[in-house]
Amino acid sequence: MFSTKVDPVMHTYNRFPLTLVKGKGSFVWDDKGQEYLDYTSGIATCNLGHAPEFVKGQVEEQLQELWHCSNLFEIPSQIKLAEKLVQNSCGDQVFFCNSGAEANEAAIKIARRYAQKVKGTESFEIVTFSSSFHGRTLATLAATGQEKIQQGFAPLMPGFRYLPYNDSEALSSLVKPNTCAVLLEVIQGEGGVIPANPEWLKKVASLCEEHDILLMIDEIQTGMGRTGSLFAYQQYGIEPDVISLAKGLGSGIPIGAIIAKEKVAAAFEPGSHGSTFGGNPVATTAGLATITYMVDNDIAYKAEQMGEYLVSKLELLQNKYDQIDTIRGKGLLVGIVVKGNAIDYVTKAREEHNLLILVAGPNVVRILPPLTTTQVEMDQFLFSFEAILKQMGN
Ligand SMILES: Cc1ncc(COP(=O)(O)O)c(C=O)c1O
């Protein structure tokens with residue numbers, strides 16, 4: 001009996017027909033040697049560009065020493081990275097894991113345990129918002145306010161309630177007797193690059209404070225300088241109790257984390273949470289080098305400046321071409337709401353202009369340049385994007 005061989009990799013992605021084999025700075029190369037301007041940054045992960053020298057050097061040194069040891073031992077780079085994260089945020093203590101979904105899992109677990117162990121209540125419910133995205137594990141897809149992500153995985157994990165995003169009236173039902181936390185993105189990335197209304201967000205924060213409900217901010221896409229500050233919440237005058245991180249934290253080496261206020265962190269004790277790889281020497285060395293370079297070189301400020309330049313130029317294109325409906329986002333997390341299908345712009349960019357960009361929903365083109373991108377590269381992007389707009393107008 002012969003069986004027909006199927007693709008050895010499960011079909012969980014509709015991949016672009018492109019094989020990338022090399023990356024440096026803002027550029028990547030395919031297996032035929034063709035160069036592309038990469039304004040996807042591995043979906044907001046390679047924030048310092050591909051293979052940044054400082055991170056590479058530190059990781060290479062660590063690879064000469066120790067690759068892995070369990071969390072039963074002290075890990076110096078883990079302690080130093082935790083110190084840096086705490087110094088540069090409103091949090092006090094860090095838990096390390098390996099991905100964004102795991103970071104949000106940790107946030108969900110710590111919120112429930114904080115309510116039950118520290119506050120001494122039975123409350124467990126976490127409020128999240130429509131169009132949010134928090135990950136693909138059973139808990140984080142239940143937290144995600146998008147039915148398409150949840151389809152086929154019933155029964156969903158209980159304990160989540162969804163409210164409309166940016167809707168101040170709906171906040172009257174935010175607090176229920178069993179509510180223990182709110183989890184939200186201050187700019188919804190996957191949901192279409194939708195920034196929170198500052199007044200609405202302040203109202204959420206003050207309701208949380210008033211009712212001792214944890215404010216948990218998912219900074220997995222918005223964090224690590226992407227929006228013009230190290231963390232996006234810092235532009236909104238709020239102080240989260242828990243911050244979840246991943247993507248840009250390791251410059252492409254897998255790492256996730258939550259940073260929590262001391263009173264919340266006290267809910268975890270030996271045995272309540274853990275991860276074999278979480279905070280591993282190589283991953284935390286990459287994280288430490290990344291944040292050190294970012295802070296020392298004020299990369300977030302550079303992202304803010306370059307983001308302003310990008311948006312000002314896009315606004316000129318908007319005046320010229322009907323195809324651009326709206327431009328939104330912050331720093332270098334920019335969404336362009338277009339007429340027609342966003343994927344057609346992305347395909348044209350790749351096939352005809354050697355430019356990699358993304359979608360965020362059916363009609364939003366998402367631009368995620370490395371935060372280190374230069375004005376020359378940005379002008380190259382703008383030149384190509386204008387050519388695409390012209391083509392799409394016909
Ligand atoms: C805001 C947000 N949260 C969580 C996640 C999940 O992260 P990961 O894919 O590393 O599990 C993502 C990934 O896109 C994200 O953008």
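Here the Cβ of each residue, glycine as well, is placed from N, Cα and C on the backbone.
Any TrEMBL annotation is an automated prediction that lacks curation.
In the three-state DSSP assignment, the secondary structure recorded for Phe133 (pyridoxal 5'-phosphate binding site) is coil. The Cβ of Phe133 (pyridoxal 5'-phosphate binding site) has Thr144, Gln146, Ile149, Glu185, Gln188, Gly189, Glu190, Gly191 as same-chain neighbours under 8 Å, each 6 or more residues away in sequence. What TrEMBL lists as pyridoxal 5'-phosphate binding site is Gly100, Ala101, Phe133, Asp218, Glu219, Ile220, Gln221, Thr276.
The N(2)-acetyl-L-ornithine binding site feature in TrEMBL is assigned to Arg136, Ser275. Counting only same-chain residues at least 6 apart in sequence, those with a Cβ under 8 Å from the Cβ of Arg136 (N(2)-acetyl-L-ornithine binding site) are Ala101, Ile149.
For Lys247, the entry in TrEMBL reads N6-(pyridoxal phosphate)lysine. Taken residue by residue with DSSP, Lys247 (N6-(pyridoxal phosphate)lysine) is part of a helix. Around the Cβ of Lys247 (N6-(pyridoxal phosphate)lysine), the same chain contributes Gly42, Ile43, Ala44, Thr45, Asn47, Gly100, Ile220, Gln221, Gly223, Met224, each under 8 angstroms and 6 or more positions distant in sequence.
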Listed binding-site residues adjacent to ligand 1, that is, members of Gly100, Glu219, Ile220, Gln221, Ser275, Thr276 whose C-beta is under 6 A away: Gly100, Ile220, Gln221
According to DSSP, does Gln221 (pyridoxal 5'-phosphate binding site) fall in a helix, a strand, or coil? coil
Please give me the CB contact count at 10 A for Glu219 (pyridoxal 5'-phosphate binding site), counting all chains in the structure. 31
State the Cα to Cα distance, in Å, between Ser275 (N(2)-acetyl-L-ornithine binding site) and Glu219 (pyridoxal 5'-phosphate binding site), rounded to an integer. 20
Measure between the Cα atoms of every pair in Gly100, Ala101, Phe133, Asp218, Glu219, Ile220, Gln221, Thr276, the residues the record assigns to pyridoxal 5'-phosphate, and report the largest value in Å, rounded to a whole number. 25
To which of the binding-site residues Ala101, Ile220 does the lowest count of other Cβ atoms within 10 Å belong? Ala101
